[in-house]
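Visitor: Here it is, the structure in full.
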Amino acid sequence: MSQERPTFYRQELNKTVWEVPERYQNLSPVGSGAYGSVCAAFDTKTGHRVAVKKLSRPFQSIIHAKRTYRELRLLKHMKHENVIGLLDVFTPARSLEEFNDVYLVTHLMGADLNNIVKCQKLTDDHVQFLIYQILRGLKYIHSADIIHRDLKPSNLAVNEDCELKILDFGLARHTDDEMTGYVATRWYRAPEIMLNWMHYNQTVDIWSVGCIMAELLTGRTLFPGTDHIDQLKLILRLVGTPGAELLKKISSESARNYIQSLAQMPKMNFANVFIGANPLAVDLLEKMLVLDSDKRITAAQALAHAYFAQYHDPDDEPVAEPYDQSFESRDFLIDEWKSLTYDEVISFVPPPLDQEEMES
């Protein structure tokens, strides 16, 4: 929020009162979820259309308050072409005592990868460019020691020039309920995170990229499981059942016992599964869709794979500034999280206008 307080105006949209600076005009609702509602708006200062998100009850509980602080800290930190960043953050409150609402402003992204896959069969060159950009964004995110956790086509925004941004970090851990049944939330999830096998690492995101890449190449969801067990069966049918080395790493005894009860299956030949695909694409998929997360390719390694030869530029694949997430282990009260969040709102410095390059 800029230093001198702007003039705000109030408007009711979908039974929610929005109180925003005059800079943002023509608000129109575009969606809402558990954690907030989003409006498209015209930013009179830049001439661009933006997305304004009003967080829902940001401080109603300690969990909400910490989530609000986490989302703001993450968005403020992200400064990369392939990752959604923060254009503005504001509150109508004039003081910490009045502070109850948080609004976040980001680029308005037109389509997501879901829309793109449904509409057209993609060429191999399209797939190269899209997956390259996801990995370029992931290298940046992972370098800050952040894991997205929820990469899927609907969390990848693409404009008409095929430029891509990663959205919606896995800020809130999904509940068991949201992961149950025939749901996309789970189809792109690495087995170790879906089934709580073990402590997971950044390569959970690489598994998701493999699932997305396979879908772009074939036009079909790779592992559309109807439930957790069906999902695991679909995965093991492709990549084979785990060997002794991986079984030893699975800390959950019940998961280990269940896997050992299944019939042994060999890994399929990916070239026979992805018929007609570029052999380099198939080779990369084999390195991403590895059951043992310790042996999965990293984002930085994947960028150097021959499949991306025409896009890879080691001097233009930046890493992030260090990100201090020591707050994650803190047990603060609501008012303490609220005060920390207020400080982050007040201290926000908007990006230079020429960085707002991506209009969709």
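Backbone N, Cα and C atoms are what each Cβ position is placed from, and that goes for glycine too.
Annotations per Swiss-Prot:
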- Ser2: N-acetylserine (MOD_RES)
- Ser2: phosphoserine (MOD_RES)
- Thr16: phosphothreonine (MOD_RES)
- 24-308: domain 'Protein kinase' (DOMAIN)
- Val30, Gly31, Ser32, Gly33, Ala34, Tyr35, Gly36, Ser37, Val38, Lys53: ATP binding site (BINDING)
- Lys53: N6-acetyllysine (MOD_RES)
- Asp150: active site, proton acceptor (ACT_SITE)
- Lys152: N6-acetyllysine (MOD_RES)
- Thr180: phosphothreonine (MOD_RES)
- Tyr182: phosphotyrosine (MOD_RES)
- Tyr323: phosphotyrosine (MOD_RES)
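Help me picture these features in the structure, burial and contacts included.
Guide: Here the Cβ of Thr16 (phosphothreonine) has 14 other Cβ atoms within 10 Å, regardless of which shown protein chain they belong to.
Across all of the domain 'Protein kinase' (24-308), the predicted model scores a mean pLDDT of 92.
Within 10 Å of the C-beta of Ala34 (ATP binding site) we count 8 further C-beta atoms, all protein chains included.
In the three-state DSSP scheme, Lys53 (N6-acetyllysine) falls into the strand class.
Around the Cβ of Lys152 (N6-acetyllysine), the number of neighbouring Cβ atoms within 10 Å comes to 21.
Taken residue by residue with DSSP, Tyr323 (phosphotyrosine) is part of neither helix nor strand, so it is coil.
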Visitor: Rounded to a whole angstrom, what is the largest C-alpha distance between any two of the residues Val30, Gly31, Ser32, Gly33, Ala34, Tyr35, Gly36, Ser37, Val38, Lys53 that the record assigns to ATP?
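Guide: With Val30, Gly31, Ser32, Gly33, Ala34, Tyr35, Gly36, Ser37, Val38, Lys53 as the binding residues for ATP, the largest Cα distance is 14 Å.
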Visitor: What's the number of neighbouring CB atoms sitting within 10 A of the CB on Val30 (ATP binding site)?
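Guide: There are 14 such Cβ atoms around Val30 (ATP binding site).
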